[in-house]
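Record features (Swiss-Prot):
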type	residues	note
TRANSMEM	2-22	transmembrane segment
TRANSMEM	70-90	transmembrane segment
TRANSMEM	100-120	transmembrane segment
TRANSMEM	147-167	transmembrane segment
TRANSMEM	171-191	transmembrane segment
TRANSMEM	217-237	transmembrane segment
TRANSMEM	253-273	transmembrane segment
TRANSMEM	294-314	transmembrane segment
């Protein structure tokens, strides 16, 4: 029975990821005053299926000097971790209701760095390695602020369980009392998922294609799936943290619809940002985090810790 539950979680995620690629190409197309994919199927709706078929029936090439086992393990690990992170997400009921769900999410997102590092190193190519090192530095850096922002938000809900956030936000979304945190969180999620304007790992102008430059066919598709699964997951996480939908135990479907619409709007904003902004310079990216975000988030974290103590109201404990 548990396997059926797992499949019922994974299959819709993969479908959502497939159609997100189409939505992205369509949105970017219309923003550049062109149509986007419109040949395969009505309005290009079958494009993701054609793409998947094309990628998975191609020959998976690999460089002669590459480390074979690690070269193959890296994309599999990337997708596995991307899908594992969906386990504690309440939609409105999680697959496994973990006591330390948020800690689990942080741990998994940190492990995802390894797949990028291994792929760059195992390719035995200088461009792939530089791309991987950039990605690792960027991901690790932005995880610092993500963790501090999470801590500040959790002080308002009083529990590491994600489901508690739904109850906390019954009357007020947490984006209102903590909007500076929400803004920094959103920008950090962009950097964490390697999206424009932070897609320095895939700097086409200088690094060809970043850490996955030597990948082709199936393994490349797995990296692609992992990236887009992470984008949707991060937006769902953002919705849970800051834009909690109203949950009626008798009508959980209403919650799911409300929740999905918010997550989709956030995902569309990711695409909109990609169409609108040029890429950051690497030193600017690091400067933004270490000199701007980190001091601000630390100050706000101190504020969120001291406020309840000052008002003699300890954080809610569940």
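Note that Cβ sites are derived from N, Cα and C of the backbone, with glycine treated the same way.
Put simply, of 70-90, 147-167, 253-273, the stretch with the most CB pairs closer than 8 A to the transmembrane segment (294-314) is 147-167.
When Cβ-Cβ distances under 8 Å to the transmembrane segment (2-22) are tallied for each of 147-167, 171-191, 217-237, the top count falls to 217-237. Note: the stretches the transmembrane segment (217-237) and the transmembrane segment (147-167) are not in contact (fewer than 3 CB pairs below 8 A, sequence gap of 6 or more).
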